[in-house]
Every structure is written in structure tokens, then in C-alpha cells.
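Everything below concerns the one structure shown next.
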Amino acid sequence: MEAPAARLFLLLLLGTWAPAPGSASSEAPPLINEDVKRTVDLSSHLAKVTAEVVLAHLGGGSTSRATSFLLALEPELEARLAHLGVQVKGEDEEENNLEVRETKIKGKSGRFFTVRLPVALDPGAKISVIVETVYTHVLQPYPTQITQSEKQFVVFEGNHYFYSPYPTKTQTMRVKLASRNVESYTKLGNPTRSEDLLDYGPFRDVPAYSQDTFKVHYENNSPFLTITSMTRVIEVSHWGNIAVEENVDLKHTGAVLKGPFSRYDYQRQPDSGISSIRSFKTILPAAAQDVYYRDEIGNVSTSHLLILDDSVEMEIRPRFPLFGGWKTHYIVGYNLPSYEYLYNLGDQYALKMRFVDHVFDEQVIDSLTVKIILPEGAKNIEIDSPYEISRAPDELHYTYLDTFGRPVIVAYKKNLVEQHIQDIVVHYTFNKVLMLQEPLLVVAAFYILFFTVIIYVRLDFSITKDPAAEARMKVACITEQVLTLVNKRIGLYRHFDETVNRYKQSRDISTLNSGKKSLETEHKALTSEIALLQSRLKTEGSDLCDRVSEMQKLDAQVKELVLKSAVEAERLVAGKLKKDTYIENEKLISGKRQELVTKIDHILDAL
């Protein structure tokens, strides 16, 4: 096709489109793909297509500058698109991703996107851009069923040409496969094959919207692992912690296992179940702690955790290997310090976290639901996302000490890949006074509890009063006090016995005198208290008064014996009494004292 004819054809074609945003004229500027180098990566279960496009402004009498250009996707692949990104070649990827917006072209099928250029393109000027697309579920297993010992083969169908609304002068295509074992592939333009690479082209003067089926059938044993459903829950606490939990449903979407599964062959033969999945690695944030991994049965102990400088690597090994068509479900959770992800200025808060995190290499997520539980009282909630997400109505979540519920943001998205591992920012306002709500609730709850107990024990809930029962309760209370005082008085005697023994060893008369004085003082006080309690028993008309009186008399005799024992010890130390005589006298005193104490014990038991 000659150049003037090509330009005329292009102008007629572009005349049916709406003008590009920012165009100076009512007609779209005439553009052409001067050179296209496509790379189709089929080495995993994803189809990654990267195109380096040299876009040229033809001019052709038009003085309008091009501020944007159009991208098109084949109707056969448009439904499988997971990611589309465009950037200027040679510039930093993160800072120079171009703005892409979906649009429609009247009379044309497929999906179209408008890409805004960083700088308007003058007539005759050129710009090199890189277009990256990722497709999911486009590699179809063929055969669809295999045995445990067979290898997996897949079929991919695409386009030999770069599908574009603009004509293309020259283009090439390189296909990277998962292995060198290729059953068949299309032969358009006599492609060259080297190991696991197929090279097509160059194709010259390709008209716009050109399509020619490209098909390849080859061996691909990479893990066809797909997350069919995933729920990611992020619970934010202003007390320093962010809890993350992920509920994951996994499925092997490769060729379905045909026939029985042999664990013996699987362990013995290295190539048995070569396309199955034994384990995979999940990358958690570097600050992750308290990590757990469980399924429906419980904790799975076959997992391993490796803490690195910039991440935490978790090897997840399901309870059984995954073959084609097999499914499993598991839960992973961990805690994060909030100071790394939560920022605030006054009452303004911003939570910056990933919408989806790394689950495994070359991940595919069919359906993702993200729930972000904010603190109770959060208001004016807004979300900034690097890509389009859908929002469901906000929910309320109730947990300990909540009164009106915590707001829950519910967002979801379908067909996600690794390129979607990006941060979202949740903005909200929160009155810091509300942080005192839960501590005050705890204090109030304990106050009410103690106050209720106090009131309860002081109230009389009996229907009729029983004077006899009240009298018995009073007598029992007085008796309990008498028992306590008697035990203390017996303890005084034992303490004085120890003082006498120390005196016999040290011969220090001051020690003995001090012990006597202490015994007299404390014994007098205890005896007086018991006498008062005895009078109260008499007032209540209890017959226990006589028993207490008898016990007092017996105690007086015990005291005399205790003091007599001290006198004997003084005579022994002074040399006025022989040791043999002292031992005989001490035996007599101890025997009488034991008889008296036994009688007192009987009286106490009767009380």
C-alpha cells in the first residue's frame, strides 16, 4: 500500500470517530503505528502481552496536535482482560503510567481505551509507548483430562497482528512458551523456532483492525492455581493494631485428573503429577506478627515461616496436593502495627494499605471482596484507589464494648492479577474523645456491678421476718468472734513458751520479763473482749454464755500454769532448782496444762 493511499484510508477511517480529548480540531489527528514489537509470554497460566509501539503523527495537512490515542482489544480476548497499562518507553514505570479510560467507538465491536499522552504530539512527531496487557483463563487444557502420570498440554488462540484502530507499518511478534515441547503452531509468515521461542514477522503495511488467528498447542506444567473467591478483612484499631484475615478458596484450573490418585507413585516418582501443586509461597508484610494458617479441620502445621528484611515469607502446604479440578479452602491471618499504615492530622485519618496482597506467584483472583472495619465513630469515609473498584453499601460490625457499631467498607473486584497489588487510601474523620468510650464503659460496668452487689447484700428479700432465725444468726456471729479470740489467746501461750526456752538458753532475764509483760497485756485485752462477747450472748438469751464462762475459768488456770512454768525456769537458771527436779515439775505442769487445753477444745467444739 502506497503512503498517500494509506493516509487517505486512515483519514476516512478516523472520520467516524469522536475527536480525541483535548484536540484542537473537530477531527481526530491522523496517527499510525510506525513500528510494533510484540512479546507474548505464555510461560505460566497467564497470557502476558507486551507491545512496544512507535506512534507517529502523520500530519497530512492537519495542524491539530494529538493529545491522546486509542487502544483496541480483540473481541475474542476482551472478556479475559485483567490488566491494561501504558507508559512511555524508557521512563520510570511508577511515575509515568499514562491515564487510560475506556471508551466506545460507534459501529465497532470489542473494547476501546483512550490513552492520554504526557505531551501533545505535533504533526510529524513520534513517541514510543509500551502497552502491557494480562489475560486470564485464555490457556485451555487440551486434552481436558489427564492421568496422574501424564503431562499437561494447553492451547492458546490469539492474533498474529497487533489489533489496533490505526494502520501499522511494520510489526513483529515473539512468543515465549513454557517448554520446548510444542505439538503444533500456526505458520503465518514462516516463523522461526528456537527452544521455547517462536518469532513471527516482520509483517508490513498491516491495515487497522487486522485479525489472523494465531494458535499454539504446547506443554505447560506450570501451576494453574486460581483463587476462585477471596475475602480480605482489615480491622483497624486506634490502640495500635491492625488485624488482617484472608479467607481463600483455591482451585487447580488445569487439566482435570482422570482416574485414581496414587500417593505411593506420587512420592516415589519425581515426574508423577508434574502439573500438580504441592505448595506455594505467600509474601506477607515485613511487620506481620502473630501469623496463623488454618483450614476447616484446624491449624495446619505443615506451613513454614521465614522472616526476611523486607517481608515475611510463608510457605503454604495444603493437606493434600492439588490436581486439576481439585479445590481447597484456608484462612491466613496476622497483625500489623498501626503506626506503619495509619496516619492522622488532628481528627483527619488516612489508612494506606494494599487492596490485595501477594498470595502466590502469577496469582489469579476471580472474585475478591475487601472489608475494612474502621473504629466506632468514624465518619466522612472516602476511598482513593489506583484502579476502578466496586463498592457495596457500608455495613456495621459489632464486637466487645461497641454501642452503635463499627462502620465496615465493603469493596469488591473481579479478575485480579499481581499488577493489582497496589495501595488504596481510606480517608475518614474520627473524634479522639471517642477513644475514651470503651475504658469508660468498662469502669461504668464494674461500678454498676459493685453497686448492685452492695445493694443486694443490704436488702432483705424475705417475705416475713423470723426473730428466732435472726437471733441464731447473731449468736453464730458472736460465737465465731469468740473462737477467733480464743485461738489468739492460745497463740500467746505458745509464743511465751518460746520466750521461756530462749531465756533458758541465753539466761537473759530481760527477755523473760519482756515476754511476761507482753503476755499480761495482750492476755488482758483478749480476755476483756471475750467477756464483752459473753455479756452479749447473755443478752441474746443463749445458753452458750455459761460455756464461755466455764472456758474463761479454765483459761485462767492455764495462764497460772504457764506463769508457774516460767517461775520454775527462773529457779533452774538461778541454780535454786536441780535439773532433774525441774524436769519432773515441768512434766506435771505440762500434763495439767494439756488436760485443761483438752477441756477448752471440747467447749470450743460445742460452740
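From the backbone N, Cα and C atoms, a Cβ is placed for every residue, glycine too.
The DSSP secondary structure for Lys538 (SUMO2 cross-link) is helix. Within the same chain, the residues at least 6 positions away from Lys538 (SUMO2 cross-link) whose Cβ sits under 8 Å from its Cβ are Cys545, listed in sequence order. Taken from Swiss-Prot, the feature SUMO2 cross-link applies to Lys538, supported by similarity to another entry.
Sequence-distant neighbours of Asn299 (N-linked glycosylation site) (same chain, six or more apart, CB under 8 Å from its CB) are Tyr292, Tyr293, listed in sequence order. For the recorded site, Asn299 (N-linked glycosylation site), the DSSP three-state label reads strand. Among the features that Swiss-Prot reports, N-linked glycosylation site is placed at Asn299.
The N6-acetyllysine annotation in Swiss-Prot covers Lys187 (among others), and the record cites similarity to another entry as its basis. According to DSSP, Lys187 (N6-acetyllysine) sits in a coil region rather than a helix or strand. The Cβ of Lys187 (N6-acetyllysine) lies under 8 Å from the Cβ of no residue that is in the same chain and 6 or more residues away along the sequence.
As annotated by Swiss-Prot, N6-acetyllysine applies to Lys538 (among others).
Annotation source Swiss-Prot lists signal peptide at 1-23, citing similarity to another entry.
The annotation topological domain 'Lumenal' is assigned in Swiss-Prot to 24-434 on the grounds of sequence analysis.
Summarising the annotation, Swiss-Prot assigns topological domain 'Cytoplasmic' to 456-607. Taking the topological domain 'Cytoplasmic' (456-607) as a whole, pLDDT averages 83 in the prediction.
According to Swiss-Prot, the feature transmembrane segment maps to 435-455, an assignment based on sequence analysis. Beyond the transmembrane segment (435-455), the same-chain residues lying 6 or more positions past its ends with a Cβ under 8 Å from any Cβ of the stretch are 238-239, 376-377, 401, 403.
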